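Structure first, commentary second.
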Amino acid sequence: MISSLSWVPRGVAKATPDVAQPTEEELAATRQELLSIGKADLDDEVSGSESDEMEAEGHQQAIQHAEAAAAAISSSAGRKVSRLSSSHAVDGISAAMKDLDMEHYDDSDDENIVARVLGGRGDAALDEDGDPYITLGGEEEDDSEDEDFIIKPTDLLILAARNEDDVSNLEVWVYEEADEAGEGNLYVHHDIILPAFPLCISWLDCNPDGSAERSNMAAVGSMEPGIEVWNLDVVDAVEPAATLGGEQLKGAPTALEPSANDSSVKKAAKKKKKGKVKGPALKEGSHEDSVLGLSWNQQYRNVLASASADKTVKVWDITRQACEHTMRHHSGKVQAVAWNPAEAHVLLTGSYDKTACLVDVRSPSGQLPTWTVSADVEALTWHPHQPTCFVVSSEDGIVACYDARKGSGSDAIFRLSAHDAPTCTMSFSTSAPGLLATGSTDKKVKLWDVSNNQPSLIASKDLQIGAVFSVSFSGQAGYLLACGGAMDSLTVWDMRSLKSATQKWPELKKMGLRPDAVPEQDEED
């Protein structure tokens, strides 16, 4: 499934991404991490069936982590020698995993498993003589593959958070607009292996190292409390550029150090006796549960907001990798956050407590403007052409628009029953004022004209992607709508192909590299 999508602005990505080459220190750290994972928590003396279940779960997590590390390292090493043909690549991976013999992981000692993952010599270097699955192609083949690897200035990039068969990835897709032959192209350029199920992503151009130069980065929120920031211009990276919050490194001070007399310590000791394993220590300021929503501040480029199942909203300084503010104004899980496009200090938040709130992060305490909605908040967004107005979708399928100028608790300026199931996602087009896309678990993507605050349905379509979890208009090409859902398929819907859309917004016909190469089609409901 594809849980979240985000567009990358055209022209910011490197034409030829760098290929990560693990250092000896990184290999040693990975080796040590695999050893620690194999031993962590499995030596705790717990009893009964609960102990067996937790031990099995611990072994399974160790296996998955080892597989991911092996895949990332071997991918980097393989690319260093030559590019693999697709058939040999598949066979090579299968053979490599067979060689690892992860099914019998429990029967092996920690040293042996690390040796199989990283090699007995402790390095990941391969050569064509030592690996029968690496083949050196001809020059023409190499030239063709190198050309495909180059990102053109006209290419549009889409980020997709995917989970399939318990393997999570952040995929970088390339969308090439229709050419002289009238054909577009959509393919995965590269992907990043993620350690946990991704729930939300946000593109940003601020490098966590504090450099002033604009970068090509992505923040990823997941089922874990940490927020990973990945460099999209680096292929085969094993570790993120930074992690905001999350688990504390061993030996470092924890966020909370209770005294020995603290009642919580005694409670924890009792839980351990009952077979409960204490959770890992977290960094100071970290979320304590899954990260459900992210929003990057385009004006204050070092600022990122996050929403969490721990009922809090946090504002992070990316360059300091520290939490600046923690807000606890919601009584339920916080599903979504969004910075106002005009007032950079104003943050919109939405929660399972059936409310949407406005926060001025310059003074986040005190009574906040609050609007009650009909059900748990699923998604929210600001109107790009009316920056004082915001739209909230809820679990009952209702989409409502509010004007912040009318004050806390004011009535919606329009309300529509967009879907018969939860409206999971929404996106406004920047190219067609008033064009709003909604997606739902009813498998439909719908287009609405909400100009003049009088919503009307423009089109409704089942894109054959299953339940729709994410829709996103391109910020630079507002006629392109990326859609992702339960069927693991990314689809780009071109608004210029819809007669109903081009009749309402004739300017769409003139947009794009080759607007004449996109034939209009009759849409079906």
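Placement of Cβ uses the backbone N, Cα and C atoms for every residue, glycine included.
Whatever TrEMBL says is automated annotation, not expert-curated.
Per TrEMBL, region 'Disordered' is recorded for 1-67 (among others).
Per TrEMBL, compositional bias 'Acidic residues' is recorded for 42-55.
Sequence annotations record features per position, and here TrEMBL assigns region 'Disordered' to 249-284 (among others).
What TrEMBL lists as compositional bias 'Basic residues' is 267-277.
Secondary structure by DSSP for the repeat 'WD' (284-326): 0 helix, 22 strand, 21 coil. According to TrEMBL, the repeat 'WD' annotation covers 284-326 (among others).
Marked as repeat 'WD' by TrEMBL: 416-458 (among others). Beyond the repeat 'WD' (416-458), the same-chain residues lying 6 or more positions past its ends with a Cβ under 8 Å from any Cβ of the stretch are 378-381, 383-385, 391, 393-401, 465-473, 475, 477-479, 481, 483, 485, 493, 495, 498, 500-501, 504-505, 507-508, 511.
In terms of DSSP helix, strand and coil, the repeat 'WD' (416-458) has 3 helix, 22 strand, 18 coil.
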